[in-house]
């Protein structure tokens, strides 16, 4: 099939059925240019593994550095050791890394093979039926049949289902983690062969967009032979990896296969972020390189001066074959490179591998912490970014969502306002006579099929049908835990007298739940329902208001709350298909509404609508629900008389709901005339069939219909705070972390929750910024900043902090983040203890995080639970997703995943502190260890004419760093606890030790971190001191003796091992059996290997001969005396006990308390 020029210009694809071409060669297939369905996620092949892996490893500059030195050692004029031996350390590192990569790639190969060979059903024209094939056999243009509970093998355009209404339910947990069922519909008007679908009758051309990774959008239309176009969107696409649920079978047309499917395009592999500590590490490596070059320059200069000072040519300087000796200057130049080879260990070759091992160990302890396990959801913390664990200990700003993050996101229906009259919910309250008579009239008008429709009836009908809640089949329900029984959620309403239209002063009790979780399996006993209809069933002998074994699947907890609230008063949602919805009224009568269209919710309109044909009046009725500010402006005008009063009273009730922290929604109704519907339908179909700007055109048709609405009422839904949220926020604030809350709720609701969670305190000076004018925003910022600065500059306010909190709405935030006001806003915000942003969009959330991060140069963390938090999570240094009620999009995009906000306290204050201090101390110890050991070789150069000679056998030098001293620091980085978990939780101020510098006195170290910077150089000075002691005490002891060079070097090697391991033992704060085993095991391993090497390797490294050296030394008492005395003198500074260095922002009293308690 030839692609038209127009299609190529629009980047479209024309797809035809493969059935007419079945059996033909590949060159005659219409879809031959599209890839197959087999996938390959492996990085390497068997033949090219070694070159490809080496190429990847050489992206690390450290590996290139050590390979370059090993190659340099092959140059005769500069070599320091036997060339082949010099390759051993880097080869070991490269081989270990290659083995790890090979194992990971082999596991990917096994996974690919299993997936590609999964069976599926593909229609065959020859067989006249669906035949079993493998996933790898699926091609674009095939017809695939998927049965219930089976995974979809490719992206399928849904053409037929076993459901007569053409509906298919899918679960997308493999893609986005969501377990709620989603509804997919067949393309209408394409396939009329019911109940059996005949793929051979499909003769349309499918035109779709090119593959992309957007899981929520899809543009497509099918062109029939008569040129009629039928549009389809994401609602008709079954994505690869989804699971078919509650549907016997479905048939689809393959539009994308293999690596072009949306799920594969979203498979970007593990996330990689560079931690702050890693960036500091590069700086310290740079310092070590400078130190290495300095020492090499000294060695080269010393060799030059030594040669020039010789009166005659000594016999050990052998000329070349021509009898020529290099000049002192040329010899000094060569010696520079020889010294680089000799002292190369100053740059720790195994540090990077050790860091990876330490982080794996830290992640193991984090994920297995029982305190971070949530029993209700059977989930524990997940670490998805493996290389930024230490950043958890350096957070300075936290940006949090509200709904589902600070709150449970388990909605409880509390209050409603119907036609301007408020109905507060009171536990165990009984309906007044006026309430009973009103609702009884509603039921009577409904049961008698009266043409007069009451607004109360419309309100509850809107609650029941204006949503996307799916009624699952009782025979195909999935098992799920339901933490509450239904009888707890049904209570009565109490109506306020009409003359007093204010919120009830009655308290709302906690045990008063009005809705269950998002999905609840109902028990057979429905006695609770019989007592909560609009009028008591005991007074009116009405039948039961619901059927057994109903199960609701809701994409939003708000929708579930509304459906269960309507059901509790007798308006029971019984069934929903793509073209009908059935509701049972309190009278027991079933109403079947014909669904003409559903205008789904989007973040721009902030509302959703459903257009139905009323079964009684046969009129077109549009029910709409949405945010109050998005609905009120759409009400019909002019709004006069009683209608105006209704709107004003409802708005008053909404404001009161918001002040109580309730989530608010408005409900409206509109009668659509036949003429208006027909005109609108033409535009709607044109928009649905469009390829270009389809989303905008579809939204425009929705906006076109959602005008001149009639207000029915409003609801108030409670979203309770999660457990221990106030304590967590207070602890984080005491730890020096500023907490910002970014929410889309109304300011009144957000402020109420802010006080409840102690983000805002009663003694706080709360600055409210809400304006529609840029000039006013500028004035507020300037005046507030001036006042805050005046307070801080007042000498009377030294050592005091003004408790300021900022509340700003989304409209004002947009102006504050403009280029000319951005700096002033950030300056004000950083002086506030907490910031609360209301009515913000997902893009504004990410914008705030980026601005604060870039302007203040601080470590940021973002935490959220929904798809609207993904941008914010990805913009922060660390993103944390909460596995809540809004699906798993936030978790899928995060670096860490937790199940409760309270887990953030221990994750940061304990594990964050431990990960940072452990890794920082281990890295510093690594530099100390290498500098202390290499300096022994450097001091020896002063006594050997700077000739690049080593007094320690090179094999033992290799073993020293690879085996004898490699495991203890790794254990130190994984298991050491400088402060107990109880102390870190009890004294949150200790967390500030890991945060950046804020003091003016250390401003120049802001990017390095004062604590890290000073500790690094103190450790370097300690390494120089210890190397001097370890070298010169044995030198003075053996001075004027006749011992050989290796007999002198063996005590130095032994002393260095003791000093380095005992130095680590002093640094360890919490000893365990593992510490003892590893420390003592390293010493025992040293003696075993060295004794064996001295006894067996006579000429392993010619011309040196280490035979029986250590055995002879161990027979000499002088050896033991030197080892003990030298080690004690070298470690004397470490014996001095004192308080740890006091960081600028941690009170000394806190550190002293911590020190003594530990």
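Backbone N, Cα and C atoms are what each Cβ position is placed from, and that goes for glycine too.
All annotation found in TrEMBL is predicted automatically rather than curated by experts.
Taken straight from TrEMBL:
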ACT_SITE  401  active site, 4-aspartylphosphate intermediate
BINDING   401, 403, 865, 869  Mg(2+) binding site
DOMAIN    891-1135  domain 'P-type ATPase C-terminal'
REGION    501-522  region 'Disordered'
TRANSMEM  61-79  transmembrane segment
TRANSMEM  85-103  transmembrane segment
TRANSMEM  281-306  transmembrane segment
TRANSMEM  333-355  transmembrane segment
TRANSMEM  940-964  transmembrane segment
TRANSMEM  1000-1017  transmembrane segment
TRANSMEM  1045-1066  transmembrane segment
TRANSMEM  1072-1096  transmembrane segment
TRANSMEM  1117-1135  transmembrane segment
Discussion item. Going by a 10 angstroms cut-off between Cβ atoms, which of the recorded positions 401, 865 has the sparsest surroundings?
Written reply: 401
Fill in: Alpha-carbon distance [residue 401 (active site, 4-aspartylphosphate intermediate); residue 869 (Mg(2+) binding site)] in Å
7
Worksheet item: Once the chains shown are all counted, how many other Cβ atoms turn up within 10 Å of the Cβ of residue 869 (Mg(2+) binding site)?
Response: 31
Item to complete: Within the domain 'P-type ATPase C-terminal' (891-1135) only, compute the mean pLDDT.
Response: 87
Worksheet item: Thinking of Cβ pairs under 8 Å, which stretch from 85-103, 281-306, 333-355 has the most of them with the transmembrane segment (61-79)?
Response: 333-355
Discussion item. Six or more residues beyond either end and a Cβ under 8 Å away: which residues meet both conditions relative to the transmembrane segment (85-103)?
Written reply: 43-44, 49-50, 53-54, 56-57, 63, 66-67, 69-70, 73, 79, 341, 349-350, 353, 954-955, 958, 961-962, 1101
Worksheet entry | Chain residues outside the transmembrane segment (333-355) and at least six past its termini with a C-beta under 8 angstroms from it | 60, 62, 65-66, 69, 72-73, 75, 77-81, 86, 89-90, 93, 96-97, 285, 288-289, 291-292, 295-297, 299-300, 303-304, 326, 919, 922-923, 926-927, 929-931, 933-934, 937-938, 941, 946-948, 950, 957, 961-962, 966, 969-970, 973
Response to the item:
Between the C-alpha atoms of residue 401 (active site, 4-aspartylphosphate intermediate) and residue 865 (Mg(2+) binding site), the distance in angstrom, to the nearest integer, is 8
Worksheet item: Including all protein chains displayed, how many Cβ atoms other than that of residue 403 (Mg(2+) binding site) lie within 10 Å of its Cβ?
Response: 27
